[in-house]
Amino acid sequence: MSNERYNARESEPKWQAKWDEAKIFATRNDDLRKKYYVLEMFPYPSGRIHMGHVRNYTMGDVVARTMRARGYNVLHPMGWDAFGLPAENAAIERKIAPKAWTYDNIAAMKKQLQTMGLSLDWAREFATCDPSYYKHQQKMFLDFLKVGLVEREKRKLNWDPVDMTVLANEQVIDGRGWRSGAVVELREMNQWVFKITKYAQELLDALDTLDRWPDKVRLMQRNWIGRSEGLMVRFALDSATTPAGETELKIFTTRPDTLFGAKFMAIAADHPLAQAAAAKDPKVAAFIDDCKKRGTAQAEIDTAEKQGIDTGIRAMHPFDPSWKLPVYVANFVLMEYGTGAIFGCPAHDQRDLDFVNKYQLGNTPVVCPEGQDPASFVITDTAYDGDGRMINSRFLDGMTIVEAKEEVAKRLETAQLGGAPVGERKVNFRLRDWGISRQRYWGCPIPIIHCPTCDVVPVPDADLPVVLPEDVSFDKPGNALDHHPTWKHVTCPKCGGKAVRETDTMDTFVDSSWYFARFTDPWNTEAPTTPDVVNRMMPVDQYIGGVEHAILHLLYSRFFTRAMKAAGHIDIQHDEPFAGLFTQGMVVHETYRKADGHFASPAEISITVEGDTRRATLLDGGSPVEIGPIEKMSKSKRNTVDPDDIIGTYGADTARWFMLSDSPPDRDVIWSEEGVKGASRFVQRLWRMVNDAAPIAASAPAERPASFGADALTLRKAAHGALDKVLSGIERLAFNVSLAHIREFSNTLGDALARSQTPSPDLAWAIRESTVILVQLFHPMMPHLAEECWTVLGQTGLVSEALWPQIEPDLLVEDSITLPVQVNGKKRGEVTVPRDAPTSEIEAAVLALDAVKQALGDKPVRKVIVVPQRIVNVVG
């Protein structure tokens with residue numbers, strides 16, 4: 001066996017240079033082969049890549065290299081999601097301009113990514129902070145405005161008091177800003193919004209077409225869109241208790257069947273009726289002020305203690321005007337959802353039950369489970385939300401829930417209040433329009449001018465892009481564009497008078513909602529897309545990224561392709577940007593805590609193993625270290641591993657192989673030094689194996705032998721079986737399964753080499769074929785090693801340009817088959833026989849089985865039924 005070691009430090013830069021020189025990963029838009037577009041979510045240029053990047057981009061690269069080998073015109077680009085708050089924070093903390101900080105980080109991260117050997121088309125690279133990119137984003141904003149998909153409206157918005165910017169509802173997590181962690185406040189402000197709700201039903205329906213998306217992501221989007229069918233009901237207000245001018249309270253409910261269980265009404269703190277009540281009652285006003293300081297995230301509202309205050313206003317039951325319901329301002333009702341008002345039926349809604357138990361309002365069950373005595377059915381601490389029949393509901397008693405809903409709807413549709421129906425069937429959506437205005441400097445400027453005479457004026461297309469000024473100061477909190485002495489002062493393009501620019505910039509999620517389309521032709525200076533190119537190259541066939549983007553980025557991107565179609569910039573099948581989506585798991589690592597409570601990094605400790613016990617000590621001084629739980633790699637826990645260190649020590653191929661081999665790709669991968677060392681040993685083993693096979697391959701006949709002996713045929717079957725299984729794994733993105741088959745086949749080939757000192761010509765030919773196949777199998781995962789091995793085997797060109805080997809179907813057929821055996825219809829065992837065995841031979845093998853003899857006992861065999869290649873049934 002060869003003792004020569006593979007030198008990754010020498011090999012990897014060499015092959016990367018050859019790939020770049022040959023431009024083999026550049027994609028031609030005029031290439032008419034079938035396209036395949038693979039894309040990993042582009043990174044934010046924080047300054048360093050982490051092991052999560054290595055895993056994510058390696059997965060995409062395996063897909064790209066495999067599809068390229070299969071003859072597709074592969075598009076595999078890379079860019080930078082470059083706007084955002086960290087650049088402004090760096091400007092404040094380090095006194096460096098956001099632009100300089102961002103582009104310095106891009107240069108550093110690009111250099112790191114290039115050491116990974118990714119098959120990227122770098123010619124298409126752009127950053128979203130490039131004016132040449134956001135020029136087109138501004139153009140699309142104006143085009144969306146023309147077709148009614150952009151509006152300006154005054155809204156109660158989530159205000160982050162630390163970052164001093166507005167956040168979308170999705171960016172409020174547990175009542176706190178997703179970046180700053182500050183408690184979010186509600187403020188009324190002017191806001192530019194994208195009308196995503198116009199596509200609510202379409203976005204919901206189209207989820208059923210996304211059969212290559214994870215079910216959990218589709219469910220998350222389905223729940224976020226939140227379609228519900230129900231009834232809009234108008235409750236008359238008791239004039240004796242109601243502020244002047246208020247006559248009714250409108251609510252939306254999906255459970256009109258429970259109206260006779262109503263015990264209270266509840267309204268949001270910013271509902272007009274609440275404001276009217278607050279004007280008369282200081283206690284109500286104080287409660288409303290307290291509500292405004294609380295979080296707005298649905299999860300926090302659902303888990304917070306239910307609180308309210310009685311306004312003194314009374315609403316009349318729509319079926320009985322003498323039945324008066326108290327109207328509360330409640331902390332669990334939001335103006336953004338439905339009408340900002342509800343009726344509470346505590347017996348059948350846990351939230352409502354918690355509320356009435358707190359304020360002693362009582363409850364009346366109106367749905368009784370089947371088979372239970374209505375007279376004894378009571379609700380105490382747990383609401384009943386199951387099926388049953390109506391009770392305590394007058395004319396609804398005895399009906400099913402479905403029947404009761406229909407009866408209530410019919411009656412309220414015909415009843416009148418103020419000349420309009422009391423009830424109206426309605427479809428409601430949880431989804432709200434996307435507020436994109438952000439009070440930050442480092443973002444895409446909104447191309448609008450505010451004129452005291454002409455009001456809102458779009459920036460003319462000829463004046464795009466509206467470029468960010470670079471001479472800004474961050475000495476004051478808030479938006480640096482507001483403080484700039486000259487940038488915002490302009491002449492109105494409509495009347496020529498003095499005007500000011502819009503100083504809000506776009507939410508950075510806008511930047512990432514269409515970048516995938518721009519990659520199809522980033523050289524177009526006149527328009528965001530080139531229609532014939534984008535329509536041919538889109539959708540993305542395989543998109544890879546984190547599940548944390550399930551709602552924000554992925555939903556916004558789905559809206560954007562539809563908006564771009566409405567504006568004439570794209571027209572693709574199903575209007576969906578991503579045909580296939582894969583959400584990879586995280587990279588996790590043990591944590592290590594020193595005696596003083598501070599965390600230690602993996603580079604600072606030594607691990608020793610004594611039997612089943614692992615101990616950690618500091619390299620400096622030998623002090624014991626507590627081995628903590630396995631957690632997501634993070635700077636705060638200091639459990640990160642620097643990709644540069646791993647690549648510098650072991651090589652990129654080792655890092656790539658380990659990231660793919662340890663666990664299913666949709667699950668977290670536990671980083672371990674032992675695992676990386678194991679991957680490195682496998683790299684060296686493959687290198688030695690190929691070098692051992694090279695002389696045999698060189699001596700093998702050029703022409704395919706007319707026939708193959710048993711050893712050669714066995715090896716060829718293993719090779720073609722591996723081809724089939726590895727490709728199947730890659731197609732299913734089950735990379736760890738593919739790698740296991742590569743290991744298995746390498747063992748088979750290694751055994752054949754060990755037995756074949758002077759192989760026959762047919763076996764030598766099979767060894768050459770099998771070794772070439774092995775190299776092509778691991779090429780997508782370890783491309784540098786594959787190129788080196790390709791050369792050793794005397795193959796021409798680059799393995800990165802070689803076509804995937806053709807599988808010979810005959811070699812996938814097993815010589816033997818295993819058939820289930822039944823005795824009198826009950827399975828008793830299995831029998832393995834040659835595939836072409838005659839019926840008599842199969843019968844004899846079956847009757848010789850101990851399990852069959854035992855099942856028959858003393859009974860004679862009446863007949864044996866053999867269903868060819870399916871099953872055998874013995875009748876006794």
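One-based numbering along the chain as shown.
Placed from the backbone N, Cα and C atoms, the Cβ positions cover glycine too.
A quick note: this is a predicted structure, and the numbers were derived from the prediction, not measured.
Among the features that Swiss-Prot reports, ATP binding site is placed at Lys635, with the record citing sequence analysis. The Cβ of Lys635 (ATP binding site) has 10 other Cβ atoms within 10 Å, all protein chains considered.
Among residues of the same chain six or more beyond the motif ''HIGH' region' (43-53), those with a C-beta under 8 A of the stretch's C-beta atoms are 80-82, 84, 86, 102, 104-106, 108-109, 112-113, 127, 586-587, 633, 640-643, 646, 659, 671. According to Swiss-Prot, the feature motif ''HIGH' region' maps to 43-53.
Long-range neighbours of the motif ''KMSKS' region' (632-636) within the same chain, counting only residues 6 or more positions beyond its ends whose Cβ lies under 8 Å from a Cβ of the stretch, are 50-52, 586-589, 599, 668, 671. If you look up Swiss-Prot, you'll see 632-636 marked as motif ''KMSKS' region'.
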Helix-strand-coil residue split for the motif ''HIGH' region' (43-53), DSSP-based: 3 helix, 0 strand, 8 coil
Across the motif ''HIGH' region' (43-53), average pLDDT on the 0 to 100 scale: 91
Counts by DSSP class (helix H/G/I, strand E/B, coil) across the motif ''KMSKS' region' (632-636): 0 helix, 1 strand, 4 coil
